[in-house]
Amino acid sequence: MLNNAMSVVILAAGKGTRMYSDLPKVLHTLAGKAMVQHVIDAANELGAAHVHLVYGHGGDLLKQALKDDNLNWVLQAEQLGTGHAMQQAAPFFADDEDILMLYGDVPLISVETLQHLRDAKPQGGIGLLTVKLDDPTGYGRITRENGKVTGIVEHKDATDEQRQIQEINTGILIANGADMKRWLAKLTNNNAQGEYYITDIIALAYQEGREIVAVHPQRLSEVEGVNNRLQLSRLERVYQSEQAEKLLLAGVMLRDPARFDLRGTLTHGRDVEIDTNVIIEGNVTLGHRVKIGTGCVIKNSVIGDDCEISPYTVVEDANLAAACTIGPFARLRPGAELLEGAHVGNFVEMKKARLGKGSKAGHLTYLGDAEIGDNVNIGAGTITCNYDGANKFKTIIGDDVFVGSDTQLVAPVTVGKGATIAAGTTVTRNVGENALAISRVPQTQKEGWRRPVKKK
């Protein structure tokens, strides 16, 4: 159906005392992203004209963490209830738009459920998201007459009979802006908590003869809030289980779905295999037939077809062409680039460095600010000395170069095509094409040498 323009209000003023943290509750992360950011993203995906964020505790931290240009910051200086929070945002409501109310500590609400709620909202009435619980203790109960919603009674204000009701309020609702402002102005704090409840607008709407339509989410986890770290950890596992299931159904082989974390977006080809305890962060692309070993962390990187990443390797902001092999225990830092068939072995670190086609750095090596050609062998213990304490400098190594073990290349320096660097050499000047560079101290030998003996 055709929807009205819509703005979203996100309540995020709570302190989160039970988190036992200096960080505002809504900034605690789920799947690598602040809880409230999940809600903001859902609002934006839904096409919100404006997102009003009602904040209180930790406002400076919130503003530092959330840089969404679409946010309108609304201060709730005193936390006097959900109705009071909405009253602070009400001056920003347009009369002819719908207002959707969400919560910064309910991170798994889906766009599909919110669109269903939006579509179900009757003209001039309220769309309400509700669920039925076997044990509704502590939640506001939905009251009905002849099947029609008449109001919401908070648990502390409910009678014994009302407490038997299993349908509860999730707190998520949508109504017209003009109606919302009128109802908010009529709220009182005449209740056990002495607070202004947004839920009281349901009874006000019913008294005006307005229709209230209740819809249910696809999954209960969508409307579960977070008040402590235990609840947050449970929602994290729910989320990760859902992501793992989607990947498995899409053809990705997860060796143990319970030991896989997706903290971003994963784009993948066919026949991808991911072993246990792998973490994917940010935006990651895996080509066809990629294999990732146990304990790896891949962040904001592109991995080409037929690449194999061995266990306990960290890849961040890197690009790998096809058929590269990495690890185990390798680290590719931002700006690392491997061309087709390149190999980076155990205990090799790269940063802002390119390794050419078929080139190899087998072990115990640091390559920083370096451009390395094709078919180059980098021996064990090689270091590009790129930093003088103030500035970074570049090392350039041409095609078909052989770099012996325990070599130091003091940048800026260039090694020409086909050159050979003898083991143990410290390169401080450019090396010509097809030349041999050697800087070792001449070996001496003392015949009949005896090691010192400790005196007894």
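Just so it is clear, glycine is given a Cβ too, placed from its N, Cα and C backbone atoms.
These features come from Swiss-Prot:
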{"type": "REGION", "residues": "1-229", "note": "region 'Pyrophosphorylase'"}
{"type": "BINDING", "residues": "Asp105, Asn227", "note": "Mg(2+) binding site"}
{"type": "REGION", "residues": "230-250", "note": "region 'Linker'"}
{"type": "REGION", "residues": "251-456", "note": "region 'N-acetyltransferase'"}
{"type": "ACT_SITE", "residues": "His363", "note": "active site, proton acceptor"}
{"type": "BINDING", "residues": "Ala380, Asn386, Tyr387, Ser405, Ala423, Arg440", "note": "acetyl-CoA binding site"}
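Feature map: annotations from Swiss-Prot on the structure.
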residue	record	DSSP (3 states)
Asp105	Mg(2+) binding site	coil
Asn227	Mg(2+) binding site	coil
His363	active site, proton acceptor	strand
Ala380	acetyl-CoA binding site	coil
Asn386	acetyl-CoA binding site	coil
Ser405	acetyl-CoA binding site	coil
Ala423	acetyl-CoA binding site	coil
Arg440	acetyl-CoA binding site	coil
* Structure fact -> Sequence-ordered binding-site residues within 10 Å (Cα) of the residue listed as 'active site, proton acceptor', taken from Asp105, Asn227, Asn386, Tyr387, Ala423, Arg440, are none
* Structure fact -> Tertiary contacts of the region 'Linker' (230-250), defined by C-beta under 8 angstroms and 6+ residue spacing from its ends, are 28, 30-31, 35, 107-108, 221, 224, 257-258, 260-262, 266, 268
* Whose Cβ, among the recorded positions His363, Arg440, has more other Cβ atoms within 10 Å than any of the rest? -> His363
* List nothing but the largest Cα to Cα distance in Å, as a whole number, among the residues Ala380, Asn386, Tyr387, Ser405, Ala423, Arg440 that the record says bind acetyl-CoA. => 23
* To do: Note the mean pLDDT of the region 'Linker' (230-250), expressed as a whole number.
  => 98
* Structure fact -> Nearest by Cα to Asn227 (Mg(2+) binding site), of the binding-site residues Ala380, Asn386, Ser405, Arg440, is Asn386
* Asked: If you measure from the Cα of Asp105 (Mg(2+) binding site), which of the binding-site residues Ala380, Tyr387, Ala423 is the nearest?
  -> Tyr387
* Asked: Between the binding-site residues Asn386, Ser405, where is the Cβ count within 10 Å the lowest?
  -> Ser405
* Structure fact -> binding-site residues considered: Ala380, Ala423; fewest surrounding Cβ atoms within 10 Å belongs to Ala423
* What residue among the binding-site residues Asp105, Asn227, Tyr387 has the most other CB atoms lying within 10 A of its CB? -> Asp105
